[in-house]
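J.: Can you read through this structure? Questions will come right after.
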């Protein structure tokens, strides 16, 4: 019997890097609401008393970038200098310029189907049947812990009103013969008001954050709990650490369980395959696993700048495939259009929804129907996390001739 440990981590929406991600995606959403043809590459840095928003944008839209940035910060919960950052009074510096015409000529085409990739690169998508979300268990639980921290913190008349926005989680699982069997260790660090006793904090976190999330069947006498192990976490957010867009790419994806092509997501419109192709690869892998073609599936795609067709598509099922990986690859090529325009159409990616993805993981979330208002004031229906649908699983299973 083989036995090993595996660890993943997550961070809350109040973590400095996640503040930056959310601002970048809020800018993208605001522009897409007015201009579906926009090209956006938005980067944000937050540090004590200031948010710097930079990047390259080509659009006919106008947005109030300062007001938008302040709203994101305030909605997270940074509304006072006492907390360490105040969206009302912080400086907002706008350093956004235009996208290079050299890139435009490589991406734009008269025939939309021949739209070229916005850059070269390689992207991975992954799925496993070890959780209902088709995500690796360690990252799934890590996300849910910090999500629960935010839920409790924002709850009206919360008994844990002393919680502050910045938080981190980490979960270590024990695997026996490739199957998760127990939680070996949990780390939960949460920012808090001064004056909170360590004993009270530990008890509250156990009852209100850990207990509702962690599966009881995986907890045992030997499970180690590290709750605010430094003993104090008052200074947090952008005061404690500088935050930058795109610095939490492993948190955003599979927690280190699957490979990563290196490209970040937030602030990038769907013409950037760093984002759209990673979403598509997840969609493909999840449908392969949901179809029962494999227990685990990793899909890699790659592109050349200005070229529509992927330069490669490869599939690995780690010995769990019910049919050969080569046959799964052929089915993928037949059932999924992985050209940039094909991905955008397949997943309906050109509308505001991206700020929703910027915290608690881009994958393993439930598709959500919502409405948004465009630049003319008209209302539109849309779906976020469309890449989490398993609507092609049945067709894949039938094509594979599995009973």
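Including glycine, each Cβ sits where the backbone N, Cα and C put it.
Per Swiss-Prot, the feature ATP binding site maps to 15, 166, 167, 168, 232, 233, 241, 247, 248, 264, 268. What Swiss-Prot lists as Mg(2+) binding site is 17, and the listing cites sequence analysis. Swiss-Prot lists 43 with the feature K(+) binding site, giving sequence analysis as the kind of evidence. Annotated L-methionine binding site per Swiss-Prot: 56, 99, 241, 272, in sequence order, evidence recorded as sequence analysis. The region 'Flexible loop' annotation in Swiss-Prot covers 99-109.
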J.: Pop the Cα-Cα gap between residue 248 (ATP binding site) and residue 272 (L-methionine binding site) into the table, whole Å please.
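T.: Approximately 18 Å lies between the Cα of residue 272 (L-methionine binding site) and that of residue 248 (ATP binding site).
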J.: Near residue 232 (ATP binding site), which residues of its chain come within a Cβ-Cβ distance under 8 Å, counting only those 6 or more away in sequence?
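T.: In sequence order, 198 meet the Cβ cut-off.
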J.: Given the binding-site residues 56, 99, 248, 268, which one's Cα is the least distant from that of the residue listed as 'Mg(2+) binding site'?
T.: 248
J.: With an 8 Å cut-off on Cβ-Cβ distance and a minimum sequence separation of at least 6, pull the same-chain contacts of residue 248 (ATP binding site), or say none.
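T.: Listed in sequence order, they are 11, 15, 17, 18, 21.
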J.: Please work out the mean pLDDT for the residues of the region 'Flexible loop' (99-109).
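T.: Computed over the region 'Flexible loop' (99-109), the mean pLDDT is 62 on the 0 to 100 scale.
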J.: At a 10 Å cut-off from the C-beta of the residue listed as 'Mg(2+) binding site', count the other C-beta atoms across all protein chains.
T.: 24
J.: Taking DSSP as the reference, which of helix, strand or coil describes the residue listed as 'Mg(2+) binding site'?
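T.: DSSP assigns the residue listed as 'Mg(2+) binding site' to helix.
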J.: Measure from the Cα of residue 167 (ATP binding site) to the Cα of every one of the binding-site residues 43, 56, 99, then give the nearest.
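T.: Closest by Cα distance to residue 167 (ATP binding site) among the binding-site residues 43, 56, 99: 43.
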J.: Are there any residues in the same chain, six or more apart in sequence, whose C-beta is under 8 angstroms from the C-beta of residue 268 (ATP binding site), and if so which?
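T.: The answer is 28, 40, 41, 42, 274, 275.
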J.: Quick one: pull the CA-CA distance for residue 241 (ATP binding site) versus residue 43 (K(+) binding site), whole Å only.
T.: 17
J.: Return only the integer: C-alpha distance in Å from residue 43 (K(+) binding site) to residue 56 (L-methionine binding site).
T.: 9
J.: If you count Cβ atoms within 10 Å of the Cβ of residue 15 (ATP binding site), leaving out that atom itself, what do you get?
T.: 28
